[in-house]
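Per TrEMBL, the features are as follows:
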type: TRANSMEM; residues: 27-48; note: transmembrane segment
type: TRANSMEM; residues: 60-79; note: transmembrane segment
type: BINDING; residues: Glu120, Asp149; note: UDP-alpha-D-glucose binding site
type: ACT_SITE; residues: Asp149; note: active site
type: BINDING; residues: Lys289, Asp313; note: Mn(2+) binding site
type: ACT_SITE; residues: Asp457; note: active site
type: TRANSMEM; residues: 542-561; note: transmembrane segment
type: TRANSMEM; residues: 567-590; note: transmembrane segment
type: TRANSMEM; residues: 611-632; note: transmembrane segment
type: TRANSMEM; residues: 658-682; note: transmembrane segment
type: TRANSMEM; residues: 694-712; note: transmembrane segment
type: TRANSMEM; residues: 724-746; note: transmembrane segment
Amino acid sequence: EQVEQSSLMAKEECYPLFETRKATGRFMYIIFSFSVFVGICSIWIYRLSYISKEFEDGNWIVWIGLLFSELWFGFYWLLRQNLRWNPIFRQPLPQVLSQRYEKVLPKVDIFVCTADPEIEPPIMVINTVLSVMAYDYPTEKLSVYLSDDAGSDVTFYAMLEASQFAKHWLPFCKRFKVEPRSPNAYFKTLDTTNSNNGKELLAIKKLYQEMESRVEKASKLGKVREEDYSNYKGFSQWDSYSSKRDHDTILHILLHRNDLNARDEDGIVMPALVYLAREKRPHFPHNFKAGAMNSLIRVSSMISNGKIILNVDCDMYSNNPQSLRDALCFFMDEDKGHEIAFVQAPQNFENLTKNDIYSGAFLIPYEVEIFGIDGFGGPMYIGTGCFHRRDVLCGRKFNKQYRNDWNNANDENINHRIEASLQEMEEKSKPLASCTYEENTSWGKEMGLLYDCAVEDIVTGLSILCKGWKSVCYSPTRKAFLGLSPTTLPEALIQHKRWSEGGFQIVLSKFSTLWYPYGLISLGLQLAYCHYNLWALNSFPTLYYCIIPSLFLLRGIPLFPQISSPWFIPFAYVIVGDSTYCLIEFLRVGGTIKGWWNDLRMWLYKRTSSYLFAFVDTMLKFIGFSNSGFIVSTKVAEEDVSQRYENEIMEFGNSSPMLTLLATIAMLNLFCLVGMLLKVVVLSGEGFRIFETMLLQVLLSGVLVVINIPIYEGLFLRKDKGRMPASVVVKSTTLALSACVLFSVLS
């Protein structure tokens with residue numbers, strides 16, 4: 001019997017903590033991809049074959065421009081296919097984890113980052129904090145840290161309120177298995193009339209509403225009431241506060257197991273809760289979110305020193321209370337766990353419209369491509385919803401002999417600190433968040449998140465993978481985290497400008513994805529990084545295709561094969577075949593036909609505005625003419641803006657160069673198409689030959705006009721505040737008309 005028990009235990013120990021399966025049906029996809037690639041090669045051959053003829057006609061410069069554009073489109077198409085060749089899907093087995101490791105689960109530190117209480121309201125921040133405090137996990141092994149880069153006393157006040165409300169909220173969540181565990185999200189979706197826990201629900205909802213009212217009053221006033229200041233000694237740390245860019249380190253441990261008051265209403269120890277506003281001085285670089293994260297890594301090592309770190313943005317609340325245990329399945333797996341540096345969950349959003357007008361869901365990247373990247377060695381670190389090994393973030397390189405002894409994972413290396421008072425712990429930790437601490441150290445270079453890049457997360461993840469580690473994608477059926485997507489067009493474009501600018505900065509840095517990872521990661525993974533980091537370079541061929549064919553359509557000069565030519569076939573096949581596949585792929589992952597059209601429109605807008613300005617700004621910074629700043633996306637919207645967003649009416653907002661450029665391209669294509677149609681009418685029968693000789697140009701210009709209908713409405717038809725500004729109407733119309741007239745005169 002003892003032999004049987006030993007055998008059974010051995011089998012259990014060998015059983016993996018997660019399962020991996022490969023996607024099926026790849027053979028048919030590879031055949032289809034090969035056929036499209038043959039079509040692309042045929043297009044290249046067509047361009048090369050007719051260069052000599054275009055020399056004679058005087059259009060060779062335009063022809064070569066089209067050739068280079070199509071070469072780039074073909075190359076980038078290959079990068080996109082790379083993400084679809086080897087997708088894998090992983091399934092954690094938390095029940096096995098509980099059976100094997102329940103008593104030795106590691107400590108986990110959770111980092112929440114905020115930077116501006118006006119853009120990121122404190123009530124939203126504490127909802128995220130409360131959601132991660134309520135994980136189904138031993139509370140004594142859980143610590144939550146808020147980094148407030150604004151050093152706002154209002155945000156600190158909100159954290160105080162949250163620490164008290166949590167004493168009631170956490171027991172309520174566990175008692176009734178609440179999902180989601182962000183109070184605001186839970187109460188928003190709940191039908192109180194059909195609830196089985198009516199009295200307790202009404203009581204907890206009342207407590208939340210009272211807390212929400214107090215926090216929002218303070219937020220509107222922009223300050224904390226005098227009586228609250230005097231009632232809590234923690235506010236004394238703001239006595240030396242000058243501004244959010246000039247203040248001492250503010251650190252306060254709000255909840256800790258050493259504190260007898262840190263118990264919930266059931267007498268259970270609560271997760272540790274810590275507020276940090278790192279020191280800021282005007283003449284010291286603070287390195288934006290990367291600097292905040294690195295301060296949190298150091299401070300948390302003194303207070304809790306969790307082996308695992310989860311970082312989330314302040315608008316990205318936990319939607320799945322089991323996700324922490326699921327992530328540990330990857331780290332603690334006996335066979336593969338020692339290779340894994342971080343576990344990345346896709347970003348998901350709760351405020352998307354039915355047809356996702358601004359393509360904020362990133363359906364294809366997060367529902368298709370991320371699994372393909374996982375098949376090559378691991379997804380990128382995308383800055384939120386990511387579980388890390390602490391030692392890897394602190395610079396540890398991968399070693400095949402390395403094994404983490406989880407049975408001793410919670411042996412206290414900081415026993416002497418446990419006995420210390422909370423005040424002593426705070427004072428010892430403060431220097432770790434000073435603005436001079438990192439001088440002459442490896443922080444930001446080899447340790448922690450890396451600096452000098454607008455996408456500190458991507459370059460940090462790349463650096464980790466190049467040290468030999470792997471990462472995995474964790475995408476549960478119930479989404480792990482839910483956040484907020486931009487609700488206006490300018491917000492979406494600015495967000496993509498920052499991302500594409502950061503990606504291109506990586507290309508030009510010592511970590512360039514073109515050569516640095518070669519031999520350190522798989523070729524497929526290197527190409528995947530290139531696919532995202534080269535976004536900015538898409539702007540020029542896309543702009544060329546949006547402008548030149550339409551202008552030559554106005555002149556009646558064909559740039560593509562006529563419909564009777566055999567060369568028409570590869571163009572038609574590539575366009576129809578790839579577009580059809582993209583539509584099917586989009587629908588398969590839960591999108592709609594209108595959503596796909598919106599996604600295509602945003603694809604065009606990003607390439608012709610965000611990516612162009614990202615390229616220009618990156619090059620200016622590269623040669624020393626400008627510095628990039630970190631722009632925080634707003635998380636609040638005015639009521640009329642929200643209403644238009646829910647009705648899927650495009651919001652243009654204030655005048656900007658990006659809007660002017662988009663409107664100019666839209667107007668130019670409209671003028672060219674209308675000019676061509678007028679020729680057809682004037683020339684009568686002869687005019688219809690244009691459709692035979694220039695069908696592809698007519699279709700291209702026509703699609704560009706149809707896809708820009710929201711811009712035409714914003715320019716001329718709408719009267720609401722979200723329409724195109726009058727200055728953009730004048731500038732875009734004048735520029736487009738001038739370009740058409742000038743082009744016609746010069747020809």
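Each Cβ is built from the backbone N, Cα and C atoms, and glycine gets one as well.
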>> Is the transmembrane segment (542-561) in contact with the transmembrane segment (694-712), using at least 3 Cβ pairs under 8 Å (sequence separation of 6 or more) as the test?
In response: yes
> When you measure from the Cβ of Asp457 (active site), which residues in the chain that are at least 6 apart have a Cβ under 8 Å away?
Replying inline: Met380, Tyr381, Ile382, Gly383, Cys386, Leu449
> For the transmembrane segment (567-590), which recorded stretch in the set 27-48, 60-79, 724-746 gives the largest number of Cβ pairs separated by under 8 Å?
Replying inline: 27-48
> Would you call the transmembrane segment (724-746) and the transmembrane segment (542-561) in contact, using three or more Cβ pairs under 8 Å, pairs 6 or more apart in sequence?
Replying inline: yes
>> Between Asp149 (UDP-alpha-D-glucose binding site) and Asp313 (Mn(2+) binding site), how many Å separate their Cα atoms?
In response: 13
>> Taking only same-chain residues 6+ apart in sequence, whose CB is under 8 Å from that of Asp313 (Mn(2+) binding site), what do you get?
In response: Val112, Cys113, Thr128, Gly383, Thr384, Gly483
